[in-house]
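Per Swiss-Prot, the feature ATP binding site maps to ILE25, ARG26, GLY67, LYS70, THR71, THR72, GLU133, ASP134, PHE135, ARG176, TYR186, ARG223; the stated evidence is sequence analysis. Residues or ranges marked as Mg(2+) binding site in Swiss-Prot: THR71. Positions annotated as DNA binding site by Swiss-Prot, on the basis of sequence analysis: ARG296, ARG315, ARG320. Residues or ranges marked as region 'Large ATPase domain (RuvB-L)' by Swiss-Prot: 1-186. Here Swiss-Prot flags 187-257 as region 'Small ATPAse domain (RuvB-S)'. Under the heading region 'Head domain (RuvB-H)', Swiss-Prot lists 260-331.
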Amino acid sequence: MAKTMMQDRLINPLEGAADAPDANIRPALLAEYIGQPVVREQMEVFIQAARARDEALDHTLIFGPPGLGKTTLANIIAREMGGNLRSTSGPVLERAGDLAAMLTNLEAGDVLFIDEIHRLSPVIEEILYPAMEDFQLDIMIGEGPAARSIKLDLPPFTLVAATTRAGLLTSPLRDRFGIVQRLEFYNIADLTTIVSRAARLMRVPMSEDGAVEIARRARGTPRIANRLLRRVRDYAQVRGDGSINGAIAGSALDMLAVDRRGLDHLDRRYIEILHERFDGGPAGVEAVAAAMAEDRGTLEDVIEPYLIQQGYVLRTARGRVLTQMAIDQML
């Protein structure tokens, strides 16, 4: 039941089936990419330089909390480099043959996107090393004493990998990425621009204060902002005249129990448990997860990043600690 609650959570930053319409409003080029100014400027330079040399872009690792646009950036890289995007994920690549099939189908300049790369098995990693370094694929032919290794040349390609947990990558894999980019939570101004752009593409009339109200409650995350926009659009259609202003957006999000800080019942429950059961901490993440009937990964990837970024919780060597700001504002 807890897992279902997390999946159905409106401000869950993880991608779900309901987010499929977002594909139609994602930026396709760096010029359309909003926010992340450091990442955008660096990628513009790296991509232009690689294109001028007629080379594949260096392998690129993108990490950060979910919902910030790692997949979008991978698509942009492929489009800017003029190559095809081949997508997969760490959990899907179970056998060596799975990765070998993808690598041998690549063409020069293509981008291979591997999401959740921290979940690759050691066997798959070993195949990736020569593919990334030398554009070669080492495969075994035959079995037993007659087995032999052969090398296949691969066309120059770019591996773009995404992860929410960069610390779980092995050093040999991490060191093979020439470009490493960290995506940060978005500020309200950039999210307001993202929401306004999405509303325009969805043909939803919206005022500036309506966009600001949605952005303020979107937890610094574009995926959540777009999801909230769709629900506010529904509310405006039924309870208003179809247009979104600050009052309509505020009423809609209040109805959905997303407060002005972007927090919902699970955030407040986390804070209350840490305060009441663990006296404000320090408390181990496993203990907090057990008290919430959630798994550790869910807390670390979904609930905690925003609470920590906003200054409500500290992650220390001894465990999680509630800050005075959280006590003053929420308890």
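Cβ atoms here come from the backbone N, Cα and C positions, even for glycine.
Structure coloured by features recorded in Swiss-Prot.
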{"residue": "ILE25", "record": "ATP binding site", "Cβ within 10 Å": "16"}
{"residue": "GLY67", "record": "ATP binding site", "Cβ within 10 Å": "28"}
{"residue": "THR71", "record": "ATP binding site", "Cβ within 10 Å": "21"}
{"residue": "GLU133", "record": "ATP binding site", "Cβ within 10 Å": "10"}
{"residue": "PHE135", "record": "ATP binding site", "Cβ within 10 Å": "17"}
{"residue": "TYR186", "record": "ATP binding site", "Cβ within 10 Å": "24"}
{"residue": "ARG296", "record": "DNA binding site", "Cβ within 10 Å": "13"}
{"residue": "ARG315", "record": "DNA binding site", "Cβ within 10 Å": "15"}
{"residue": "ARG320", "record": "DNA binding site", "Cβ within 10 Å": "23"}
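Note: the region 'Head domain (RuvB-H)' (260-331) comprises 41 helix, 9 strand, 22 coil (DSSP; helix = H, G, I, strand = E, B).
Here the region 'Small ATPAse domain (RuvB-S)' (187-257) is broken down by DSSP into helix, strand and coil counts: 51 helix, 2 strand, 18 coil. Comparing Cα positions, PHE135 (ATP binding site) lies closest to ARG296 out of the binding-site residues ARG296, ARG315, ARG320. Here GLY67 (ATP binding site) is positioned 24 angstrom away from ARG320 (DNA binding site), judged by their C-alpha atoms. According to its DSSP assignment, GLY67 (ATP binding site) is coil. Neighbouring residues of the recorded DNA site, listed in sequence order and excluding ARG296, ARG315, ARG320, comprise GLY284, VAL285, VAL288, LEU299, GLU300, GLU304, VAL313, GLY319 (Cβ within 8 Å of the Cβ centroid). The two recorded residues, GLY67 (ATP binding site) and ARG296 (DNA binding site), have Cα atoms 19 Å apart.
In the predicted structure, the region 'Small ATPAse domain (RuvB-S)' (187-257) carries a mean pLDDT of 95. Cα spacing between ARG296 (DNA binding site) and TYR186 (ATP binding site): 25 Å, rounded to the nearest whole number. Across the fold, the C-alpha of GLU133 (ATP binding site) and the C-alpha of ARG315 (DNA binding site) stand 36 Å from each other. When the Cα of ARG315 (DNA binding site) is compared against those of the binding-site residues ILE25, THR71, TYR186, the shortest separation belongs to TYR186.
Secondary structure at GLU133 (ATP binding site), taken from DSSP and collapsed to helix, strand or coil, is helix.
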